[in-house]
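What TrEMBL lists as transmembrane segment is 12-33, 54-74, 86-105, 112-130, 142-165, 177-197, 217-239.
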Amino acid sequence: MSKVDGKFQFSPISVNFLTEVAKVIFAIVMLVIQSRKQKAGEKPLLARSTLIQAARNNVLLAVPALLYAINNYLKFIMQLYFNPSTVKMLSNLKVLVIAVLLKFIMRRRFSVIQWEALALLLIGISINQLRTAPAGDTAFGLPITAIAYIYTLIFVTVPSLASVYNEYAMKSQDTSIYLQNLFLYGYGAIFNFLGILGTALFQGPENFNILQGHSRATMFLICNNAAQGILSSFFFKYADTILKKYSSTVATIFTGLASAAFLGHTLTINFLLGISVVFISMHQFFSPIAKVKDDKPGELLELQDTQNHR
């Protein structure tokens, strides 16, 4: 809704910068509230020594912050090539990439049923994508379809790496989530500000005006993206990256309905069939029978075999 004649009149990097600033403010406010609720004898959260130690321990958060800065810019680029519901469906591809990364990086195990559920996810996304790729124009000397798929590849892999690395960094330190968020969002604000400086350097100083071209829609976008980022951090800290990405598939149907209601986009049979398969995949992945069972000790297996024989 923030596009004008199919283009953005504002700098997407400025939106991402203001989003990170909003999240930093939220983290600071929550830290102040949390510090006031601390019991006597606990190490003060806002003490200088605490902040310095936390900064050293959470320096790894700079890596996902950089990756998220790239991904958040790509979100706007994707909106230039696909409608909102299609972008949301494409983002579900991240679940498969994240599962592979979790298996090889964090040694997480998945059952055969869960891998089958991920295969269903790919099928559902493929159904939705049939005959929805843009065509008939070129960009950067390549057909738009080729450019769109290149952006899609980056759009899927970069945030997947960021999510897995972020979960690892969040869970590796026993620190207040608001303190970790302060550094994660602080790094993000720095990277986006560097992007604004680079844009002003190469495209002219008028691009340094971060509020240029903004409207009520962009202000709402900033607040919404900030809330989404804050909620995501709780998934990484206390839950699971795949749960976070899979739960976002629930939003796909609402994205499709809102896109049809406010932007006049047509809900195709491909979208309805695709989202149905995606929901089946999600139910199958988190089904109790799909969970990996822990290996039982040999002695216990022998005892069970004896009891079964009797």
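Using N, Cα and C of the backbone, Cβ positions are placed for all residues, glycine too.
Remember, predicted model here, so these are calculated numbers, not experimental data.
Contact between the transmembrane segment (217-239) and the transmembrane segment (86-105) is not supported, since fewer than 3 Cβ pairs fall under 8 Å when only residues 6 or more apart in sequence are counted. Highest Cβ pair count under 8 Å relative to the transmembrane segment (86-105), across stretches 12-33, 142-165, 177-197: 142-165.
Non-local neighbours of the transmembrane segment (112-130) in the same chain are 86, 89-90, 92-93, 95-96, 99, 270-271, 273-278, 280-282, 284-285, 287, 289-290, 292; each lies 6+ residues outside the stretch with a CB under 8 Å from one of its CB atoms.
Away from its own ends, the transmembrane segment (177-197) comes close to residues 11, 13-14, 16-17, 20-21, 23-24, 26-28, 30-31, 34, 45, 50-51, 54-55, 58-59, 61-62, 64-66, 68-69, 72-73, 166, 169-170, 207-208, 210, 229-230, 233-234, 237-238 of its chain (Cβ-Cβ under 8 Å, at least six residues beyond either end). Sequence-distant contacts of the transmembrane segment (142-165) (same chain, six or more residues past either end, CB-CB distance under 8 Å): 60, 63-64, 67-68, 70-71, 74-75, 77-78, 81-82, 90-91, 93-94, 97-98, 101-102, 105-106, 133-136, 236, 241, 244-245.
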